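J.: Before we start, here is the structure in question, set down as structure tokens.
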Amino acid sequence: MCPNPHCRKGFISTPKLNKHFHASHYLKRTIICQEFNCGKGFRTKQELKCHQNNLHSDYRPFECSQKGCDFKCKTEGQLNSHTIHIHSDIYAFKCNECEKTFKSQNSLNIHLRIHSTEDTFRCRYEGCNQWFKNVKRLRKHKIAVHSAHQTWYTCEWPACGYRNECSHKLKTHRRLHTGERPFECRWPACGKRFRILKGRLDHERIHSNTKNYVCHWPGCGYRCVQSANLTKHMKVHQK
């Protein structure tokens, strides 16, 4: 386990732990991205290369093989994450604190931070190193403090003002203005269309009556087809 008290990431071997500690907690961010209006610093050339591929390149060589899905991404890891979170219905990773289940170990690890009293989300902007209890507070901090140095993709629609650091999220946002719904239900004779892939997948579960969303409140047992219905249901327990 990483000895940094704010990291605690686990590794299967000492060499991998040493490599992680040296790259993440020891080296200074002296390698600067030269892309226009960026200037972000990195510890290694590999970090810089990953940053440039993910943020400054539109090349997406990895394509989802699921029928009817046009998702494309830049790395094999992103494709694996997409396949697990969008196309898999298996929730094999269980939280021992509250018994909530997740599709991946990474999702469980992120959730476990809810049960921690420590500040576990670190701002990685050069010279900052502030820590936050959750990703929402970290995101607000980045916008308030570092937004002037961030590359933003801005919606050109009149009087909109939406912006995001990810170009694909801007593409999805534009559909609110254009009305484009590229994802059509694959169920025979349905024809309903959706703005995002998750909307279509949630809808198709109505046809199959697959109730994957489970309320983990003790003694409840409520199950439903769509995540939005589970969100509404949880308000019953929060009153």
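Here the Cβ of each residue, glycine as well, is placed from N, Cα and C on the backbone.
Because TrEMBL annotations are produced automatically, they should be read as predictions rather than curated entries.
Summarising the annotation, TrEMBL assigns domain 'C2H2-type' to 1-30, 31-61, 93-120, 121-151, 153-182, 183-212, 213-239.
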J.: Which residues, given as numbers and ranges, are at least 6 beyond the ends of the domain 'C2H2-type' (153-182) yet have a Cβ under 8 Å from it?
T.: 55, 58, 70, 193-196
J.: Under 8 Å for C-beta pairs, could you tell me which stretch among 31-61, 93-120, 121-151 has the largest tally with the domain 'C2H2-type' (213-239)?
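T.: Counting Cβ pairs under 8 Å, the winner is 93-120.
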